[in-house]
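Input: a single structure, listed below in structure tokens.
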Amino acid sequence: MSCLPVLLLLQLLVSPGLQAPMTQTTSLKTSWVNCSNMIDEIITHLKQPPLPLLDFNNLNGEDQDILMENNLRRPNLEAFNKAVKSLQNASAIESILKNLPPCLPMATAAPTRHPIRIKDGDWNEFRRKLKFYLKTLENEQAQQMTLSLEIS
């Protein structure tokens with residue numbers, strides 16, 4: 001007995017023509033879930049020792065503005081990627097940060113100011129600013145997801 005008919009059937013089953021097409025909404029949902037999972041994983045790592053000082057959640061207004069500015073998303077991520085290299089025991093966060101660029105929105109204009117500054121080796125500052133940055137990014141993605149679902 002030949003296995004040729006079985007191979008032909010298998011090829012038909014896995015060929016792209018017979019699979020359900022990916023819609024923009026499906027693709028957006030999948031990418032949003034992946035980004036959300038990466039953000040959650042980083043935040044979990046940020047909650048591990050060394051523990052932050054009491055002023056963990058305090059960010060000045062200028063830092064908040066810089067971290068929320070859409071046109072600074074990529075430069076800010078680059079600043080976090082640079083700063084994470086100066087921290088001990090941060091390799092897990094570093095590897096996730098490297099995968100985060102597809103989650104960032106496209107800049108609509110050139111940045112008008114410098115990205116966030118993070119002191120080398122300062123876990124507390126790094127943690128405080130990165131957590132705010134990630135929460136802002138996550139909120140923005142949730143809003144985009146809601147808008148795309150309303151449109152479709």
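Backbone N, Cα and C define each Cβ position, glycine as well.
As given in Swiss-Prot:
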- 1-19: signal peptide (SIGNAL)
- Asn34: N-linked glycosylation site (CARBOHYD)
- Cys35-Cys103: disulfide bond (DISULFID)
- Asn89: N-linked glycosylation site (CARBOHYD)
Any same-chain residues 6+ apart from Cys35 (disulfide bond) with CB under 8 Å of its CB? Would you list them in sequence order, or say none?
Leu100, Pro102, Cys103, Leu137, Glu138, Gln141
Determine the most Cβ-crowded residue among the recorded positions Asn34, Asn89, Cys103, using a 10 Å radius around each Cβ and all protein chains in the structure.
Cys103
Give the distance between the Cα atoms of Asn89 (N-linked glycosylation site) and Asn34 (N-linked glycosylation site), rounded to the nearest whole Å.
24
